[in-house]
Amino acid sequence: MDVSQTIVLALIQGLSEFLPISSSAHLILVPKLTNWTDQGLIFDVVVHMGTLSAVIFYYQAMIRSLFFDFYYSIIKRQIIGQSKLAWGVLLGTIPIGLVGMIFKDFVAVDLRSIEIIAYTTLVFGLLLGFASWFNHKNKNPKSTISWIDVSFVSMMQILALIPGTSRSGITITACMLVGLSRKLSIQFSFLLSIPVITLSLILMLIDLYHQTQLVNVSLLVLGFVISTISAYATIIFVIRLIDMVGMTPFVIYRLILGVFLFFL
């Protein structure tokens, strides 16, 4: 890897992790379109650490509050403050974690074709558009999440294992389909990313333990810094943009990208 490849791939990870356009799809497509060599597992670990750091830093106050509400809900055995949201984040991670571990090799080898990415980009782009329209028509969106909502969103999140789906895209879609407000949909989706990214990091570190790779520390540091800053900026941008215009720009982008991929 050289500096230009490091910058581009770190930016892609940082920008696309929290945009509903699929970071994994773009990280697969760019090297294929540019004929770059594989960036290596160590680089993947580092840029994922960057995006994880960004979302934790952005939501640090809420995470602290959720942690204490979660803790006291266990002690007192009742819902305390936003403990239901905290439990939702925890329980909502279990399905994708289990399925991801069981089918890890299948996903990594058999679901990375451009054709599959093209289909998922289009199909889930259309679903995102429908969910956005449904949310716009919903005059009484829910400001709290129920256990049924958590169950539905967590099941839908499993689809994010397929490249091109977008974890943030499918979870925001699911949240809006069950009637959650746009604000809560984004919030729950981004909070769900914390344990999901953490789990993927653990799996990558396990794989990394069995490998021997030469590393360029300066490029890894550069990748971490760029992915962290770009991810943090993206979180701010996405929240403001969706609040103003909804999901339309992302739906249009996904449809254009999906059609383009079919001609490759």
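Positions of Cβ are set from backbone N, Cα and C atoms, glycine also.
Given the structure is predicted, the values throughout are model-derived calculations rather than measurements.
Database features (Swiss-Prot):
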- 7-27: transmembrane segment (TRANSMEM)
- 41-61: transmembrane segment (TRANSMEM)
- 89-109: transmembrane segment (TRANSMEM)
- 114-134: transmembrane segment (TRANSMEM)
- 144-164: transmembrane segment (TRANSMEM)
- 186-206: transmembrane segment (TRANSMEM)
- 219-239: transmembrane segment (TRANSMEM)
- 244-264: transmembrane segment (TRANSMEM)
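Each of 41-61, 144-164, 219-239, 244-264 was scored by its Cβ pairs under 8 Å to the transmembrane segment (7-27), and the highest score goes to 219-239.
For the transmembrane segment (186-206), same-chain residues at least 6 beyond its ends with a Cβ under 8 Å from one of its own Cβ atoms are 17-18, 41, 44-45, 48-49, 51-52, 55-56, 58-59, 62-63, 66, 85, 88-90, 92-93, 96-97, 100-101, 104, 145, 153, 157, 160, 167-168, 171-172, 175, 180, 235, 238-239, 242.
Remote same-chain residues near the transmembrane segment (114-134) are listed as 20, 22, 25, 28-29, 32, 159, 162-166, 169-170, 172-174, 176-177, 246-248, 250-251, 253-255, 257-259, 261-262, 264 (criterion: CB distance under 8 Å, separation of at least six residues from the stretch ends).
Taking every recorded stretch in 144-164, 219-239, 244-264 and counting its Cβ pairs under 8 Å to the transmembrane segment (41-61), the highest total belongs to 219-239.
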